[in-house]
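J.: Reproduced below are the annotations present in Swiss-Prot:
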- His84, His183: heme b b562 binding site (BINDING)
- His98, His197: heme b b566 binding site (BINDING)
- His202: ubiquinone binding site (BINDING)
- 34-54: transmembrane segment (TRANSMEM)
- 78-99: transmembrane segment (TRANSMEM)
- 114-134: transmembrane segment (TRANSMEM)
- 179-199: transmembrane segment (TRANSMEM)
- 227-247: transmembrane segment (TRANSMEM)
- 289-309: transmembrane segment (TRANSMEM)
- 321-341: transmembrane segment (TRANSMEM)
- 348-368: transmembrane segment (TRANSMEM)
Amino acid sequence: MAPNLRKSHPLLKLINNSLIDLPTPSNISAWWNFGSLLGICLLTQILTGLLLATHYTADTTLAFSSVAHTCRNVQYGWLIRNLHANGASFFFICIYLHIGRGFYYGSYLNKETWNTGVILLLALMATAFVGYVLPWGQMSFWGATVITNLFSAIPYIGQTLVEWAWGGFSVDNPTLTRFFALHFLLPFMIAGLAFIHLTFLHESGSNNPLGILSNCDKIPFHPYFSLKDILGFIIMFLPLTTLALFSPNLLGDPENFTPANPLVTPPHIKPEWYFLFAYAILRSIPNKLGGVLALAASVLVLFLTPLLHKSKQRAMTFRPLSQLLFWTLVANLLILTWVGSQPVEHPFIIIGQLASLAYFTILLLLFPIVGALENKMLNY
């Protein structure tokens with residue numbers, strides 16, 4: 001019998017084992033769709049970004065007008081830009097839901113997969129930050145100034161580090177040029193990391209909603225889950241195109257319609273919505289270095305989750321106390337996001353501080369305690 005090319009060809013074999021004949025747990029729910037959605041988000045962002053880069057000029061005098069030119073004079077330039085800007089929001093919605101799923105179902109016990117995932121999140125955050133600076137509007141400029149300035153809180157080398165990153169004594173042309181270079185490079189690095197992420201995942205196989213071993217009941221990825229993924233793509237692209245076509249500036253800051261001016265500070269400097277939770281944590285500490293450390297810890301704490309898993313069960317499916325704690329954490333993150341968008345004044349300061357304290361308490365203290373308590377209640 002002639003060998004099946006799909007299974008024998010070195011390259012096709014790789015694709016086959018990842019996307020066609022991959023043994024997949026039969027009971028994975030729609031929460032397992034977000035990995036492929038992130039892949040399609042990345043592809044969309046790279047494609048639209050490449051088309052935008054062909055019309056963009058990385059120069060402080062021309063950047064703003066080159067973006068305006070793309071929207072006004074380039075065929076469908078407005079659409080490409082709106083898809084790219086709002087695509088970033090959908091990328092973050094998907095990654096946050098993906099992390100939430102991993103957290104709820106104990107997927108973090110695949111340590112290598114989880115750790116590469118956290119690195120992917122950090123790379124995505126860096127990409128989004130440098131990308132936001134490129135249109136060179138007011139919020140782009142001041143966002144870049146404020147966030148890069150945080151590195152000056154690092155003792156001894158801080159100031160040198162910031163000036164090295166800026167390429168001068170303030171955010172200027174060299175900064176914009178290198179941010180464009182980084183924004184172009186990082187998505188390809190993310191693609192490489194995603195491949196590593198998948199390699200580690202396929203080493204152990206997917207987790208499932210019950211958090212139990214599923215080797216006895218697996219089905220091929222194609223056609224079952226390839227079809228389910230396509231449905232996911234449609235469900236994601238519908239709101240994305242709706243947003244890009246009907247309300248493209250809904251999630252943006254009106255301040256960014258004003259060209260960057262180093263002499264005028266915007267009344268409220270705030271990042272895009274997907275960074276607001278971390279921004280609220282940063283602002284809640286009245287000390288610069290302390291704030292920077294808390295900001296870093298707010299994301300880096302994810303590296304610790306596998307070590308803080310004390311339950312004898314993997315998923316939270318049958319752990320009502322942990323579920324309660326999980327949804328409290330979700331609500332807490334929404335409160336932090338809201339506080340981050342508000343000005344720094346009376347009720348918001350204390351709410352932000354309490355929510356920041358609650359965030360770290362739930363993750364570092366309450367989850368392990370409740371996990372151990374549930375073991376005791378179930379006589380494990």
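One is the number of the first residue shown, and numbering goes on along the chain from there.
Using N, Cα and C of the backbone, Cβ positions are placed for all residues, glycine too.
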J.: In the same chain, which residue numbers or ranges, 6 or more beyond the ends of the transmembrane segment (78-99), come under 8 angstroms Cβ to Cβ?
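T.: Those are 31, 34-35, 37-38, 41-42, 44-45, 48-49, 51-52, 67, 70-72, 117, 120-121, 124, 128, 131, 236, 239-241, 243-245, 248, 251-252, 272-274, 302, in sequence order.
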J.: The transmembrane segment (321-341): which same-chain residues, six or more beyond its ends, come within Cβ distance under 8 Å?
T.: 100, 103-104, 270-271, 273, 275-281, 283, 311, 348, 351-352, 355-356, 358-359, 362-363, 366-367, 370-371, 373-374
J.: Test of understanding: applying the rule of at least three C-beta pairs under 8 Å (pairs 6 or more apart in sequence), is the transmembrane segment (348-368) touching the transmembrane segment (114-134)?
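T.: Output no: the transmembrane segment (114-134) is apart from the transmembrane segment (348-368).
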J.: Want to know which binding-site residues, from His98, His197, His202, are within 10 Å of His183 (heme b b562 binding site) at Cα; which are they?
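T.: Cα filter at 10 Å returns nothing.
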J.: Which residue among the binding-site residues His84, His98, His183, His202 has the fewest other Cβ atoms within 10 Å of its Cβ, if you could check?
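T.: Fewest other Cβ atoms within 10 Å, among the binding-site residues His84, His98, His183, His202, is found for His202.
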J.: Tally Cβ pairs under 8 Å between the transmembrane segment (227-247) and each listed stretch (34-54, 179-199, 348-368), then give the stretch with the top tally.
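T.: Against the transmembrane segment (227-247), the leading stretch is 34-54.
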J.: Near the transmembrane segment (179-199), which same-chain residues lie under 8 Å Cβ to Cβ, leaving out any that are not at least 6 residues past its ends?
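T.: For the transmembrane segment (179-199), the far contacts come to 18, 38-39, 42, 45-46, 49, 53, 56, 58, 113, 116-117, 119-120, 123-124, 126-127, 130-131, 133-134, 144.
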J.: Short question: which residues 6 or more past the ends of the transmembrane segment (289-309) have a Cβ under 8 Å from it?
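T.: For the transmembrane segment (289-309), the list is 99, 103, 106, 108-109, 111, 114-115, 118, 121-122, 125, 150-151, 153-155, 277-279, 281-283, 356, 359-360, 363-364, 367-368, 371.
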J.: According to DSSP, does His202 (ubiquinone binding site) sit in a helix, a strand, or coil?
T.: helix
J.: How big is the gap, in Å, between the Cα of His197 (heme b b566 binding site) and that of His84 (heme b b562 binding site), rounded to a whole number?
T.: 24
